[in-house]
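Enquirer: Before I ask anything, here is the structure I am working with.
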Amino acid sequence: MLKLTDITWLYHHLPMRFSLTVERGEQVAILGPSGAGKSTLLNLIAGFLTPASGSLTIDGVDHTTMPPSRRPVSMLFQENNLFSHLTVAQNIGLGLNPGLKLNAVQQGKMHAIARQMGIDNLMARLPGELSGGQRQRVALARCLVREQPILLLDEPFSALDPALRQEMLTLVSTSCQQQKMTLLMVSHSVEDAARIATRSVVVADGRIAWQGMTNELLSGKASASALLGITG
């Protein structure tokens, strides 16, 4: 479904190079030390960075140089990027039409995803009137309403308390299963990864140093466990 072949990004003339295959509907965690290249990997997939070489295909179609707006990808960041002067409904609606001129079908999709996120009673509010968790639900709803086959998460819940973070991770996992979306999630927490991703990829020094079962990483028996400070 998603295939990266020697996708290379030059960071201060030092190459970060990634090869990775992710199947449709798979939920994969991307782990590794700070500065290892995790966010760079997601940005290359999303199209926010243009690779120096290599190829990226989605469903067999070459997207290596495709602009972000034409890629079948949605991405959620730690900063939710909500527009403070727009209501919750309008912020979600941007995922369907940048001009916010929604037809009846689009209106129905918007309200359905709001109910799924548990924010249907907040549609008339502004982002400044919401809690941090509620704002991230709105941002997630805006991603999901686009119905793109790939969802990228760059630590969007790291600022939330543990209980709320677990709640959001469960919500993401359930939503991806319902929509048959492929999920790649950057995280610093192997425990968070284990909640939703059976497979993990460990990035170190701009390379994929290891990939395999998340539980193996948690056990401390994987060759990359030490990179994450996990001992058996």
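Here the Cβ of each residue, glycine as well, is placed from N, Cα and C on the backbone.
Feature list, courtesy of Swiss-Prot:
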BINDING   Gly32, Pro33, Ser34, Gly35, Ala36, Gly37, Lys38, Ser39  ATP binding site
DOMAIN    2-230  domain 'ABC transporter'
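Give me the structural setting of these features: burial, nearby parts and distances.
Expert: The number of other CB atoms found within 10 A of the CB of Gly35 (ATP binding site), across every protein chain shown, is 13.
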Enquirer: Three-state secondary structure of Ser39 (ATP binding site) from DSSP?
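Expert: Looking at the DSSP assignment, Ser39 (ATP binding site) belongs to a helix.
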Enquirer: Average the pLDDT scores across the domain 'ABC transporter' (2-230) and report the rounded value.
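Expert: On average, pLDDT over the domain 'ABC transporter' (2-230) sits at 92.
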Enquirer: Would you identify which of the binding-site residues Ser34, Ser39 has the most other C-beta atoms lying within 10 angstroms of its C-beta?
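Expert: Per the Cβ count, the most surrounded site is Ser39.
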Enquirer: In this structure, which of the binding-site residues Gly32, Pro33, Gly37 has the fewest other Cβ atoms within 10 Å of its Cβ?
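Expert: Each of the binding-site residues Gly32, Pro33, Gly37 was scored by Cβ atoms within 10 Å; lowest is Pro33.
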